């Protein structure tokens, strides 16, 4: 049968699993839990099964959901979905609105993902209403915003992202239609100039009829009205609304320039007595044509920048087949489906731990779980990078996002929804893209006052050329930009419009986020999760890498290679050691437990287990304490000390055991000692662990890049020296017998000496060092999350040490693109704005037209996004130098 548990819907949404043998609530739950049960179970429930158990999970989830509504911890950023951001000025305005709230400590705004991550001051009690009030302030400032609910189901999150992508695709289609309309008008405007060009070349065609009509000022005015109210309508209205909200953006600048040119032309047309001779209706048409074309190309490039994130999301299944089987069914448990089983299609958010699911060939696993029945091969390349499919049968684990290739499988859900492996990867990538690189502050500082500065420069440009420049440099009126009659008003207005239009805060606003988006998404796709732009920037500047030994340079799958004892049977020593280490999570502890299990040894009962990370584990067996760990630590646990002759004898026995076993230079050997209260050291256990295949390559590549490599280990000198020699780390950079505190201190000393340090580790004893290092890099053995991955800022989910080099290389390439983008954006504005203002006009007789300025403005943004897209061509170091 699939399950002997039945689920009952209760208000609020939760579930009860009942099993009669444990029906006595008073015995199952402490007082606090009983009060929660009474509070939530307002309706009576009835037993319809021959078993009763009240599952604690649903109550905990209900409790947590209620608490999440009441209060959000102040150190956890809330996420706001913000729409309407068009350029760097918009980003700066959104950040300014958020930071103006006294409760806000910091805010990071991402225009590409349309999100704002807000952190509050420690003394602030953050509630859902607090977040909603910030969203309301943004909406009132012209940027529609709403709080993203934390804990939202994975299907809901996928749906939300896909809706955003779909929305961008729809906008791209509309943008193309507007461009087609705008350039039709541009072609008609150009028609009036075509005859002049052909006549100047001696080709006397294109005159009369429609050509003469296109020269008519009223027709040109009509084309300008068509451009402003047709394809340019949304742009103009958005710019006007931004002015009204006191947050002008790029649309405001373009709209102001277009309307200024149109207004002056219209006044000149309807009031000929003014003798302005300022008819340049074609300028708003040409300007909008180039701007809209650039926007369309920019939107296409930004959509393409989300490709890697979309590929990650495509791995998540939002639907699943829940299998319901009768409790009295007698079908063999290894049968995929029984005759009376029912499959129900449900959202993956409705799946709970323990549910039975059916996954057919070609389908994606919706949750993490273990195989209950069936045989198949599974494509796990998205998680492991291994191209060959992996055989799965009863008892094997499967991960969400991997693909079932061959036969149907029935699985039992072990982690669901937002807790599944692929969901955690996606969430970490989203969080990473919300963490701005410190270099972004430069762009923010410039983009904030940018629009007002440009408007001021434009007004100054108009005033200078109209009142001063045209008199000091009269020859400038001979330039085509001044019109056929050399009009100072036409010259001044066009140069002022040039300044408005050529400036581009968009390039500044896109310089960092586009590169960060592509870099973090590409890293996640390749198997290394980088927790944000700030981490990328630090990672790119690393000049020293500290490596742990066990589980980092070695495979992390140690095995017992020898046991020696003093006065005890060897199996007796192994039994005691396994009993003590049973609850420990270190790979060495697991090796001892696995060895005892493989020999079918019955371990004694223990009490009061205590683990001291990096040293060993202590527990009480038969009324006496037994310690397992390093020699010094075990000796210090007990008053009775061993004679030196006993220790020499023990070492000799162990060496003899090891000499009879096959070993190679690629094996690292560690010795742990077993001590007992009142007796001292009673035995020693040798643990062997094979070096990783890519360990030597990784160290060599790091050293080739000029990065200092050091080895930090809590193991004995001999084992550490052997590993260091095999991988190529110098003896002076090898450190052994280090406690977690000593590792932490060593990292601090390296930083004090000026090094930027990355620490690579995998266990709980590495967590302090990972947190202290400039960048902590954690390997995830068998995709299990632990303290190391929680403390690290980079996680290697495929458990490949060579990905350390790849992550460093990607970070350097990403930051290189960021600096290139910022350099381009700043240089473009510094050079183009003075040229647009006419600085070259007196001496070189060169001036831009508004349409040329609009085209350059569009190209500046396209360059930034396209340059970031080149990151997708970046090759990993591993692929360049295949092992």
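Cβ from N, Cα, C; glycine included.
Under the heading active site, 4-aspartylphosphate intermediate, Swiss-Prot lists 548, citing similarity to another entry as support.
The Cu cation binding site feature in Swiss-Prot is assigned to 87, 90. Residue 90 (Cu cation binding site) falls within a helical segment according to DSSP.
The 10 Å shell around the Cβ of residue 768 (ATP binding site) contains 23 further Cβ atoms across the protein chains shown. Secondary structure from DSSP puts residue 768 (ATP binding site) in a helix. What Swiss-Prot lists as ATP binding site is 761, 762, 763, 764, 765, 766, 767, 768.
In the three-state DSSP assignment, the secondary structure recorded for residue 762 (ATP binding site) is coil. Per Swiss-Prot, Mg(2+) binding site is recorded for 762, 766.
On the 0 to 100 pLDDT scale, the model's mean across the domain 'HMA' (76-146) is 83. Taken from Swiss-Prot, the feature domain 'HMA' applies to 76-146.
Per Swiss-Prot, transit peptide is recorded for 1-65, and the stated evidence type is sequence analysis.
The transmembrane segment annotation in Swiss-Prot covers 179-199 (among others).
Annotation comment: Swiss-Prot describes 209-229 (among others) as transmembrane segment.
The transmembrane segment feature in Swiss-Prot is assigned to 250-270 (among others). Residues 86-87, 89-90, 217-218, 221, 224-225, 228, 232, 235-236, 238-240, 242-243, 276-281, 283-284, 287-288, 291, 451, 454-455, 458, 489, 493-494, 496-497, 500-501, 503-506, 850, 854 of the same chain lie 6+ residues outside the transmembrane segment (250-270) yet bring a C-beta within less than 8 angstroms of a C-beta in it.
Feature annotation from Swiss-Prot assigns transmembrane segment to 274-294 (among others).
For 445-465 (among others), the entry in Swiss-Prot reads transmembrane segment, with the evidence type sequence analysis.
The transmembrane segment annotation in Swiss-Prot covers 499-519 (among others).
Under the heading transmembrane segment, Swiss-Prot lists 822-842 (among others), citing sequence analysis as support.
Taken from Swiss-Prot, the feature transmembrane segment covers 846-866 (among others), and the record attributes it to sequence analysis.
Of all Cβ atoms in the shown protein chains, 30 besides its own fall within 10 Å of the Cβ of residue 761 (ATP binding site). Ranked by CA distance from residue 762 (ATP binding site), the recorded positions 87, 90, 548 have 548 at the top as the closest. With a cut-off of 8 Å between Cβ atoms, the residues of this chain six or more beyond the transmembrane segment (822-842) that come close are 439, 442-443, 446, 454, 457, 461, 465, 469, 473, 475-476, 479, 495, 498-499, 501-504, 507-508, 511-512, 848, 853, 856, 860, 863-864, 867. For residue 90 (Cu cation binding site), the number of other Cβ atoms no farther than 10 Å from its own Cβ, over all displayed protein chains, is 27. Using residue 766 (ATP binding site) as the reference Cα, a 10 A cut-off selects 548 from the recorded positions 87, 90, 548. Around the Cβ of residue 767 (ATP binding site), a 10 Å sphere holds 23 further Cβ atoms from the protein chains shown.
Annotated pair residue 768 (ATP binding site) and residue 548 (active site, 4-aspartylphosphate intermediate), C-alpha to C-alpha distance, rounded: 13 Å. The separation of residue 87 (Cu cation binding site) from residue 548 (active site, 4-aspartylphosphate intermediate), Cα to Cα, is 45 Å.
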